[in-house]
Every structure is written in structure tokens, then in C-alpha cells.
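**Q** Following this message is one structure expressed as C-alpha cells.
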Amino acid sequence: MKFLYLFLFAVFAWTSDAIVRIPLKKFRSIRRTLSDSGLNVEQLLAGTNSLQHNQGFPSSNAPTPETLKNYMDAQYYGEIGLGTPVQMFTVVFDTGSSNLWLPSIHCSFTDIACLLHHKYNGAKSSTYVKNGTEFAIQYGSGSLSGYLSQDSCTIGDIVVEKQLFGEAIKQPGVAFIAAKFDGILGMAYPRISVDGVPPVFDMMMSQKKVEQNVFSFYLNRNPDTEPGGELLLGGTDPKYYTGDFNYVPVTRQAYWQIHMDGMSIGSQLTLCKDGCEAIVDTGTSLITGPPAEVRALQKAIGAIPLIQGEYMIDCKKVPTLPTISFNVGGKTYSLTGEQYVLKESQGGKTICLSGLMGLEIPPPAGPLWILGDVFIGQYYTVFDRESNRVGFAKST
């Protein structure tokens, strides 16, 4: 019996004390910030395909560039440090991309987005190493560009040595001006990393900085409580979920891509009838899918299209909306109307918006569904690089 107690204590210690915890704060998305300012987001993005971007540029031996999503709806960020002594930055921990980039002290004085955010200064770091390789991420509104540098990267209690990252000297359009975060820390696979830069978590694994090669996200969907969530490096925390994790294999090691068996909207509509692919993406607030299917879904729940690609729902009808169910790995993950409808303040009034949006992701990467924060907020999610799988458990 004493041995059993010791064993249980060891297991609990791994799930709670051996992991590194990064608090996440929730902020108002770029889309909502621009809308609050009276700017027409659709006009700003006209011809840009909603700031879609390519991650991973072609070379003689590189994969085809893949169009994914934007950061217009990102809502959670946390802090990291770069250099010695540490320079602090806020970043979106994004499982839908693989690069770390931050604004550079050398950005142009005409780059307003850069001027409004924290900037990395290699001259103030004793561990900085010049690299100089040019990098660029193609957004619809232009190219975010700069050059690579190397320095130590501090995340919680972990110090990743010799991390390559992008110093951004040019940020496109107005979108990043309104961003509450300084940069992006990608947590997807190396395959989609621009310039073949090893992602931060890959460096953690190779330097044996984590107990287990997994990380997990808890996203708090209650806007009145703090913290906004937590990123756990090296494990999971039982206080954030009930029951057991159900795991599904990663079908393509680029994004955190999984197979979805189907979707249903109450008894009214079935989507993804022959199965489809989805990616699990912490950098996207909404759930997105092929536009034609999402339009059918919005019609089924009685949503009214707005000019910005969003859909509005009568707040009085939210409690009676049909349940949306996602069938993944033989399990059904359901969202009620209260869970997939977003309540926003606009002009002093509360409006209800659908948490789903159409997004065209063409072949060869797409079509894809994106399970963003609307989904992850209800299902605590673990990303397992050891076994290349994703696990879901009901959030507490």
C-alpha cells in the first residue's frame, strides 16, 4: 500500500509540478478592435483573402507553400523573453504556424505597427548571435519581412539556447497596428517553418528541456475571470478536465492536422459527409471551414450575414439553437448555442455573433476545417509530439 501511495504521488507530481506553466491573457481581437474604431474590416482586407498567409516557401527540397489563416481573430497571448538579460514580449502561442518572430529595433520609422510594440535589440544581449538570413511571411496585404537572428529564448522556467527567430523590420497593412501582441511563437511541425528554422518546441525537445514531449492548452471561456488560460509545457493538469483524454493521430505532420469523420447540426444538417481534414489551431479564435459548407451551417442556425464575413444571431434565440457535433476518432464533441455563439459589445449594445466563419484553403493544403479557440475552450487539448497525436478531454 505504501508503494501504491508513492506511485500515485509520483504520477501527480509529473502532471502538476514537473510541467512549466505559462499564463495566458485574453484580449480583444484585431477584428473587434478595428470594428470598434469604425473601420470596415472587409474593405481593409479587400483583395487580400482575409490576410491569409503562406507558411513555408518553396525551394528545391521544400514543401509547397500552404495557405492557412490570419490573426484577425486571435485572442490569447502570453509572455516570453529573449536575450541576456531578458527582453520581454507578448506572443500568440500558435499551433497553426512554426516560426517565432518579433519586431526588431531596426524596423523602419514608417512601420507604425513596429513603433507601437516592444522591439528586440540584439545589441543589448550578451547571448545574441548574428545570422542575417532574410525571411518573409507572405500575408495578403503584403510581406512581413526581416532577417534571422539567434539568441536564448526564455519561456517560464525554461531557457532555450541558440534559438533562431525572425526579427521583423516590415509588417504589412494596418492589422498588426491594432494587435495587442508583439509577435508569434509557432508550435506546429518543422515542415511548415519558413527558412527551415527549428521551431521553439523542437529546440526544447532536442535540448531535453521538458519531461515529456507534449504541451497542452487550457482556454478559459469565461470573460469575467482570470487567467484567460494556461499553456502547459511537458504535461497536462487534471484540474482542467474531467474524464479521460481521447487521442487521434496526426494525419499530416505540418499543422496539427487530424481526420474528422463528420459534423452534424442538430438533426437538420450533416457536413463533412465522407470525412474531412481539420487542424487544431490555438492561433484562431473561431471555427472555420469551407465557405459553402459554413454558409449552409449558418442558414441552419438562423444566422444573418454581415458585411465583414461575420454572422449575427438573435441573442434571444441562443438557448434554443441546435447543437453542433464534431465526430472525431469515434467520439462526438458537441457545442451548444451558448458555446459557439460569441457575445460582443458594439455601440453600447450586446450583439451575438456566430463563432464559425467560412475560410477557403485551396489544395494541396486544403480544404480544411480549423478547430480554433471556440472548440479548444470547451475541450482541453494536448499536443503530443512523442506519439504524434492530439488529445481532447472535456474542460472543467
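Cβ atoms are placed via backbone N, Cα and C, with glycine included.
Pulled from Swiss-Prot, these are the listed features:
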type	residues	note
DISULFID	Cys107-Cys114	disulfide bond
DISULFID	Cys272-Cys276	disulfide bond
DISULFID	Cys315-Cys352	disulfide bond
DOMAIN	76-393	domain 'Peptidase A1'
CARBOHYD	Asn131	N-linked glycosylation site
SIGNAL	1-18	signal peptide
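Walk me through the surroundings of each of these features.
**A** Here Cys114 (disulfide bond) comes close to Pro103, Ser104, Cys107, Ser108, Ala168, Ile169, Gln171: these same-chain residues lie at least six apart in sequence, with C-beta atoms under 8 angstroms from its C-beta. DSSP classifies Cys114 (disulfide bond) as helix under the three-state reduction.
Within the same chain, residues at least 6 positions away in sequence whose Cβ sits under 8 Å from that of Cys276 (disulfide bond) are His259, Met260, Pro367, Leu368, Trp369. Cys276 (disulfide bond) falls within a strand when secondary structure is assigned with DSSP.
The number of other Cβ atoms within 10 Å of the Cβ belonging to Cys352 (disulfide bond), over all protein chains shown, comes to 20. Cys352 (disulfide bond) falls within a strand segment according to DSSP.
Residues near Asn131 (N-linked glycosylation site) in space but far in sequence (CB under 8 A, at least 6 apart, same chain), listed by position: Tyr147, Leu148, Ser149, Gln150, Leu164.
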**Q** For Cys272 (disulfide bond), which residues in the same chain are close in space, meaning a Cβ under 8 Å from its Cβ, but six or more apart along the sequence?
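**A** Cys272 (disulfide bond) has long-range Cβ partners Met260, Asp261, Gly262, Met263, Glu293, Trp369.
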**Q** Within 10 angstroms of the C-beta of Cys315 (disulfide bond), what count of other C-beta atoms is obtained when all protein chains are considered?
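**A** A count of 14.
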**Q** So, three-state DSSP: helix, strand or coil for Asn131 (N-linked glycosylation site)?
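**A** Looking at the DSSP assignment, Asn131 (N-linked glycosylation site) belongs to a strand.
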